[in-house]
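**Q** I'd like to ask some things about the structure below.
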Amino acid sequence: MLFCNDSNKELREQKVSLSHEFATDNHRVEKLSLKFENIYFDYSKNLVNDNILKTLLESASKSNLKNKIQQMFAGEKINSTENRSVLHTALRDLSNSPLVIDGQDIRKEVNEEKQRVKALVEKVTSGDWKGFSGKRITDIVNIGIGGSDLGPKMVVRALQPYHCTGLKVHFVSNVDADSLLQALHVIDPETTLFIVASKSFSTEETLLNSISAREWLLDHYEDEKAVANHFVAISSKLDKVEEFGINLEHCYKMWDWVGGRYSLWSSIGMSIAFAVGYDNFEKLLAGAYSIDKHFKETEFDKNIPVIMGLLASYYSCAYQSQSQALLPYDERLCYFVDYLQQADMESNGKSVNLAGEGVDYQTGVVLWGGVGTNGQHAFHQLLHQGNVFIPVDFIAVATSHHNYDNHQQALLANCFAQSQALMFGQSYDMVYNELLNSGLSEVQAKQLAPHKVIPGNRPSTTILLDELSPYTLGALIALYEHKIFVQGVLWDINSYDQWGVELGKKLGKNILKAMSDDSSAEYQNLDESTKWLIAKVKSK
């Protein structure tokens, strides 16, 4: 990353005091905040000054970020290790202008697929789609993992006030049978439609759960023909889908140019549409599209995803931050951190650059967090008084869907108080005087004061939404998607492959064979620790 060059060492070592910056610049918030439609982005509590921001923006230009953005939107194959375009943005592009990739106008293909999904959703929600026994569908079970689960699950929960179809949507992901059983215990085989979401139709967890769900269905019906009434698929392997018993008319496309962690905008978002209706699903896409245009067309100093990516990369480089906390102050966003963990860590958890050379600077960080105010009674202690450097993103919503205004005001007050506490902290003198005023002796106050000091000067960003609607949620997700892209460009890494997950899958298959046959080559090749663990399992 250019900002990590030795030539910028002096600038990187420049210490910024937030208390000083706010005390000496009455216009700091005005200068270091941005508004886009109904999103307010306040980054004034970050450890930057005019000089640092200038250098960061220059770094973005020197990294050829503008051209890289254009390349992505144009469909150039920026996923170099897999020779693929990165075009999740095309799934929500409302311009309808042609986009030709490998000789085909994918815009036309995308729109056709959207209409197929819309038709299915309307057929099921209207009651025209019937189960094998003639009953209408009441429950949808999405079987998928990773991007086929985390995104849709997050959105369905976040948009719960917009559920309007009467359908109950469930999610099954883990290969642990308990994940599947939780759904099977509350659904009726005669009124359930399963979605099998797997590009290869061979993902171990998804396939095993789907086979077990199929067996459960057939235990009830005892007729193979029932599968076609109760299963649809999202896959590119038509032969495997047909072999499973799913009508190919009910198999929906997945394209190579859409990565799993960016796939909720595709047919993978079908479960979202089943919950909130297709019109609201389109509003989700429209919100993301608005940010796509903002990202592509706005100058860097006013570009929210660019600023987000620059700040995160700056902290990784200059402060060696190894994690970032994401704190949504809205219960509806309770799965947002889980979703972004995959989007961020699977994208930027890389240690070689685009040329395949090892990098000597830090790249991806651990993204973690939880909903407020729960975190205040769990891990915020570390944020305030721990000796690790952790930048924080607060996400808040100005208005809620309910009428409990006192709850909403308390929630927002806590959010803003946490960002203020991180910024200013409380000094020894402040604590000492408070203790004296509370009645403690000087000796007692001196003993206790060091334990109550909060250093402050810890950076945070606040993203404030007017409301949490399908449109604003789509925009929020897209902000973070593009932030991840910006970081990848600055670090000169490929944010769109994920080779690191393959080894564990391969070894898992070998160990599964070894567990059933200790004379197999797979067992003989195991290390002693793994053999010991297998023996312990077999002894039970």
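Glycine too: its Cβ is placed from the backbone N, Cα and C atoms.
Annotation comment: Swiss-Prot describes Glu346 as active site, proton donor. Annotation source Swiss-Prot lists active site at His377, Lys505.
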**Q** Within the chain of the residue listed as 'active site, proton donor', which residues six or more apart in sequence place their C-beta under 8 angstroms from its C-beta?
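**A** Listed in sequence order, they are Arg261, Gln498, Val501.
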**Q** Once the chains shown are all counted, how many other Cβ atoms turn up within 10 Å of the Cβ of His377 (active site)?
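**A** The Cβ of His377 (active site) has 8 Cβ neighbours within 10 Å.
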**Q** Look up His377 (active site) in the DSSP assignment and report helix, strand or coil.
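**A** Where His377 (active site) sits, the three-state DSSP reduction gives helix.
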**Q** Measuring Cα to Cα, how far is Lys505 (active site) from His377 (active site) in Å?
**A** 37
**Q** Including all protein chains shown, what's the count of other C-beta atoms within 10 A of the C-beta of Lys505 (active site)?
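**A** There are 10 of them.
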